[in-house]
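Asks: Attaching a single structure in structure tokens format; questions to follow.
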Amino acid sequence: MNFSPLPNRVIDAPKHLKTRMIQVRSSYFGYSLVIRPTSIFVGAPRAQSTLESQGSINETGAVYRCPLASGSCSHYVLNDKLNKQFQWLGGSMDGGTKDTDKLLVCAPRFFVPKNKNYGQMRGICYWVRDTVADTPPLSDVRTISLIPSQAEEHFMLELGLSAHVTDDNSGFLIGAPGVRSWKGSVLVHRGEDLAAQGSYAVKMLDSWDWVKNHFTYVGYALSSGYFSSNNRTSLLYVTTAPSSVLNTGKAYIFDVVGEIVRKLHVFHGEQLGEYFGYSVVAEDLNGDGLTDVVVSAPLNALGDSYDVGAIYVFINKGLFKFEKKIIRLPLSSGARFGSSLSKVGDINHDGYNDLAVGAPFAGNGAVFIFLGSEHGLRDEPSQRLDAPSREPGPYGAHMFGQGLSRGSDIDGNGFNDLAIGAPGAEAVYLYRAYPVVKIHATVRSESRAIRPEQETITVTACYRLETTSKARQMQQQELTFRMTIDELLQRVSFAPMRTNEVSFQAQAGLSGSCRNFSVGVHYTGGIFTPIDLELHYELAKKIPHSHEAFCESCAVVDPLEPKYATGTLSFMTGCAAHVCVSDLQLSSKDVNSSFIFGSLEVLSFSYEITNSGEPAYVAQFNVTSSARLPFAKVPGNCRVRHEVMLCDLNGGRALARGDSESLTIIFDVTQLSGQSLTIEAAVSSAGMDQNPKDNTMSTTISLREYAEIDASGGPIDGHIALKEYPYSAEVNNSYEFKSHGPSIIDELTVYVDVPIAYTVTGSAGIKSIFNISSLQMQATHGSELVPIKLYDQTNTLAKEYPLEDSSRRANRKRRELQQDQYAIMPDVNISDILTKENLPANRTLVLDCLRGNWTICVRSQMRVQLKPEQPIDLRISFKVDLNDFVNTFDYLVIFTNVEMFKEGDSTSIALKRNLKPNVIFNYSETPLPIWYIILSLIAGHLLLGAMTYILYKLRFFKRGKKEELKRLLEEHRSETKEPATDCEGNQEEINVEMHSDLEN
């Protein structure tokens, strides 16, 4: 928006510095940038060294300090020893914008050979406390490396692929995405860690238990901010893992407690292979004091175009809830929008921080400036800065925008400037920012109505400037105006030229100025149509769009600010006096006194305006809300500015006696919050009103949350049988808490009570069924882990899930939950369980936290923002020890109870439970007596013999078919003659064979 359209200084890679090795390809001068008040630090990761000690080492990489005044760069030496071939020094670099801030520089490809065949790409980093001196004494340079490891999973550490210095200068982060077979990790250095002198090796955090897969690249990009709405001074960290979850990518907000890494929130990419997490920036974009997150995905595809790029904007709504918006631009394939991100501060001084986004392969490269706003980052860029040259250089594409500095005011005009690196062109471009001014202008007449005999009227144009710049020349600017009046009907005109348009220039300052114009009235026909006035304005002096020097006296105006002002006048007639006295009455109908969040996306109000007096000229209706709600629909006769709707009644014509008009105003309530909403409406006209009290109406609506919630679940493994000593078992339960809306319940407290012991009847003894140390709980809401606090039977905090430093949880008590603070729907009774499961009442022990006075329970507490149809999944496991139980009872029934509570509102929740209990029973096997077996064998043999005899008597074993065939054969022989002698042998053989067949 207010950056110079062309660079004001170009800093080229230093050619005057002598190197022994020839530079055969681009040094990537400008790959990383850190801007300071008088100089720019430039990383050139493929540069040849100027040091004699490294004269034979190829492409060590270098960092240069380039004074802003001369642009003549010098080698900023951080180390002059060891073999640093192809180490990519300057591949990542970060630091604040003051010379007293730390400077962190890394060489992620620093290689340590082990033998002739292999080595370790460990990476190495250097940091200095400040850059006050032109060159740092090498003794003041701290070197950071990792503790060597021979494990293969640590051969490609790439320490320093990303580097980040916190905004408060208290510490820094270094990414190592190659650790543990490319699972990745982050090195966190805080104030207490920065006292070491010289070189030192550090241990990488290993407690990233929630990173399960290899090749996720945790630590690829880094940032930090203040994300917690409960503790706005707690600095938390952000890292990305662009290869997580089937290459859709993730980003994490995390904290470090001791050596434990706590995951607090996860952001997800959407598109396969988009490289979500290539860059990340944490910045408060909407001015609410909570840090928001922007994550880039430069390989995001748009339609048939590949690698166009996108940025994901996550606006922090508190309680680690973020509102997501994806910004894409209509760029060509391969532009890689989002390859670099940089926070440039509030460049236009509107109270919201802004962002620079690089697309280094959009032609020779481009940088887009996005402005912050009350609702976060604006959808469209306010400015596009293209590479100064469109022709490819000797090393190919310029990659303009690959390197971006932070925003810093280097010229003292109060507005942040920006440095942009083009490593393919080996150049850095400096863009200075112009001051921003705001023009306030109005146009009005001495009276809002023209009397019948009136021949002239006076129109006044007023104007002034508003700016945060302290420069006197910025507080006084020449403005160009163009004013029009009644261009269509030409009933009036500016005197004496008798024209409907007049132009003039005027000097505007911080205090208001006005200019009067005489307007002649020529025609009184068409008196029911109002006269329109428009005043167009702009700065007279334009910023140069050429390679001229920076214009020190120029300013810019936000392009989204109004460029003209309007006014209306009307003809007054049909009234008893010069001023019409109307009687406008405003009423509403069908207004509900309460509203449930989420029940509707829009809220409608119907108004009726009636005039019972003289004609009302220039009758207008305006409406706004206490929450400054946006309007879902704007009628054609209405316009909106700053969440106030102004409507011209009766099409701009006079509203006569007895006339009425109805309007329906529709508000968008998707973002509505609070306890009440007030709608202010009013009507007015050019004349006076008999009863001004009925011209306004204030409607207050109470707001409340309401949700119907189902709590269901129970044992995963069903009933558990204890067969033998030691009578212990693992109990695993799964529960789901699902809201059916309609409202989102903010800060819902969920209590889960689990029986842990019981008191013995008739004594003071207590028997435990499991040890609290074996109790494990994990709750997820969406993809996020929900923090759980576990209180023991004395109401003392015993555990927190995920586990955290025990020193932080000592002696904290839970708040007691009163029975009338929640609504419970009918639940299952203990007697129903005994009947349904057919359990003997005298041999069954039922433990129920809600009903049994003998039951001792532990209570867990969760606080979440519960959205409709986004359930909480809770897993509970514990190991029961019932060695003492089996001698007293055969069955144990354990009821896990759930209660929910919304502080300050006892009617916002309707809880329906369907929770199945755990049933555990003692299963014993009694050995079978030997005489049972003997009697069974004897009885079996007797039964078999009896059945065989019966079948024999029934001729079951008689072969009747065989006897019949034999008889038929004998009859056949007796009826035929004997065969001849020479055939006798054969005949006998045949008979024998036939007989054999019959036998068979």
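Using N, Cα and C of the backbone, Cβ positions are placed for all residues, glycine too.
Note that the structure is a prediction, hence the values are computed from the model and not measured.
Annotation source Swiss-Prot lists N-linked glycosylation site at Asn58, Asn231, Asn516, Asn592, Asn622, Asn732, Asn771, Asn829, Asn842, Asn853, Asn922. The repeat 'FG-GAP 5' feature in Swiss-Prot is assigned to 262-323. Feature annotation from Swiss-Prot assigns repeat 'FG-GAP 7' to 386-448. For 951-1000, the entry in Swiss-Prot reads topological domain 'Cytoplasmic'.
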Asks: Which one is it: of the glycosylation sites Asn58, Asn231, Asn516, Asn592, whose Cα lies the shortest distance from the Cα of Asn732 (N-linked glycosylation site)?
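Replies: Comparing Cα positions, the candidate nearest Asn732 (N-linked glycosylation site) turns out to be Asn231.
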Asks: Rank the glycosylation sites Asn231, Asn622, Asn771, Asn853 by the number of other Cβ atoms within 10 Å of each Cβ and report the first-ranked residue.
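Replies: Of Asn231, Asn622, Asn771, Asn853, the one with the most crowded Cβ is Asn622.
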Asks: Note down the number of other Cβ atoms within 10 Å of the Cβ of Asn58 (N-linked glycosylation site), including every protein chain shown.
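Replies: The answer is 14.
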Asks: Of the residues in the repeat 'FG-GAP 5' (262-323), how many are helix, strand and coil by DSSP?
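Replies: Here the numbers are 0 helix, 29 strand, 33 coil.
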Asks: In whole Å, how far is Asn231 (N-linked glycosylation site) from Asn622 (N-linked glycosylation site) when you measure between their Cα atoms?
Replies: 41
Asks: Measuring CB to CB from Asn592 (N-linked glycosylation site), give everything in the same chain under 8 Å that is also at least six residues away in sequence.
Replies: Ile701
Asks: Taking Cα atoms as reference points, rank the glycosylation sites Asn58, Asn516, Asn771, Asn853 by distance from Asn231 (N-linked glycosylation site) and give the first.
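Replies: Closest by Cα distance to Asn231 (N-linked glycosylation site) among the glycosylation sites Asn58, Asn516, Asn771, Asn853: Asn771.
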Asks: Report, as a single number, how many Cβ atoms besides its own are within 10 Å of the Cβ of Asn732 (N-linked glycosylation site).
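Replies: Summing over all protein chains shown, Asn732 (N-linked glycosylation site) has 15 other Cβ atoms within 10 Å.
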Asks: Rounded to the nearest angstrom, how far is the Cα of Asn771 (N-linked glycosylation site) from the Cα of Asn58 (N-linked glycosylation site)?
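Replies: Checking the Cα atoms of Asn58 (N-linked glycosylation site) and Asn771 (N-linked glycosylation site) gives a distance of 63 Å.
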Asks: Fewest other CB within 10 angstroms, which one of the glycosylation sites Asn516, Asn922?
Replies: Asn516
Asks: C-alpha of Asn853 (N-linked glycosylation site) to C-alpha of Asn516 (N-linked glycosylation site): distance in Å?
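Replies: Roughly 87 Å, rounded to the nearest whole number.
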Asks: Using DSSP, how many residues of the repeat 'FG-GAP 7' (386-448) fall into helix, strand and coil, respectively?
Replies: 0 helix, 29 strand, 34 coil
Asks: Determine, to the nearest whole angstrom, how far the Cα atom of Asn771 (N-linked glycosylation site) is from the Cα atom of Asn516 (N-linked glycosylation site).
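Replies: That separation, Cα to Cα, works out to 87 Å.
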